[in-house]
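**Q** My structure is below; once you've seen it, I'll send some questions.
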Amino acid sequence: MAVAVGRPSNEELRNLSLSGHVGFDSLPDQLVNKSTSQGFCFNILCVGETGIGKSTLMDTLFNTKFESDPATHNEPGVRLKARSYELQESNVRLKLTIVDTVGFGDQINKDDSYKPIVEYIDAQFEAYLQEELKIKRSLFNYHDTRIHACLYFIAPTGHSLKSLDLVTTKKLDSKVNIIPIIAKADTIAKNELHKFKSKIMSELVSNGVQIYQFPTDEETVAEINATMSVHLPFAVVGSTEEVKIGNKMAKARQYPWGVVQVENENHCDFVKLREMLIRVNMEDLREQTHTRHYELYRRCKLEEMGFKDTDPDSKPFSLQETYEAKRNEFLGELQKKEEEMRQMFVMRVKEKEAELKEAEKELHEKFDLLKRTHQEEKKKVEDKKKELEEEVNNFQKKKAAVQLLQSQAQQSGAQQTKKDKDKKNSPWLCTE
């Protein structure tokens, strides 16, 4: 049986040349084919005040008309509404989810406006973490709802960021890739727009807000990303209406004083935003979400559960050691709880026994009292019975005596009557 032996990390690997074709040069093609068959997902969070143009910009970015309900300024609080769509361009399928912050900035008290947004982002991280922690995972078919990009719409005031913007971006920068954009940029003069951009970036830096940094470490995108980064925040204009300009139709906004073309880089930064968000850095946004923001959330959650990479002496911990340590800790807590429950049970039993003994004592006392009362009542009844029996006997004796006297009287009366009768019938009495 072959045993794999780990190489030291500092040992250099030898470069070998192949004597013939093997076939692993098709790995990029395999990866492309697999990714194409699986499709991709991309989730955008649009944060901005009601009526600032979030829905219009999404329609313009993806060159389609998404469902959207007209929002009012009467929302009692901020709520997030997510809608998913299946898009296809050539043979590439994209599952796009757009999350809108309905009612953001409409309340008088805006202190907690950021909380529903943070809770939503954390909820998506938690759902993915729970799927990862399952024994039988199914990440292949899992619909990833983690937010990959946050387009933060800044009102075109021309002065500075609102306190709500600073607070919200500061709360979100460790959880999502923030791309600040100035909405309705056609309402600001060009010279004021440059000052406004500089002011926004200065305030973000001074308040420690970390926005998404376009990657410059890859040669293929380094130059374009470095060039585009200086234009942040992007000043955009959105429109789905087409206006005839010269001999062709173009997406634009028609004003009495002229036309603002959406895809004209001299008019706004819409094309730059589309290039950076979709055509150049979409995969990097997805990767940053997983490797940076989600990993931070995952690490914090696992540390809350007691899992760490190092022990108190900063020595590396393996997952098995962490598991055993937590298992022993939980077993110790379980035994402690069992002992506490046992002692509590014994105490409850003793208390119940004392209550039962007290109740038994009270019952015995009541029984003895009832028994004595019964005996006393019985004695009274027996005494009364004896008195009645004596009275009956006396009565019977008197009755017998009376009857005897009556009988004697009757007998003596009968004898006297007979004597008188005999006297009358006697012959001697007649001679006389």
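Including glycine, each Cβ sits where the backbone N, Cα and C put it.
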**Q** Can you identify, from 283-312, 403-432, the stretch that Swiss-Prot calls region 'Disordered'?
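**A** In Swiss-Prot, the region 'Disordered' feature sits at 403-432.
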**Q** Counting only residues 6 or more past its boundaries, what in the same chain has a CB within less than 8 Å of a CB in the region 'G4 motif' (183-186)?
**A** 48, 52-54, 57, 153-156, 193, 235-237, 253, 255, 260, 267-269
**Q** Please list, for the compositional bias 'Low complexity' (403-416), how many residues fall into helix, strand and coil according to DSSP.
**A** 14 helix, 0 strand, 0 coil
**Q** Just give the helix, strand and coil counts over the region 'G4 motif' (183-186), going by DSSP.
**A** 2 helix, 0 strand, 2 coil
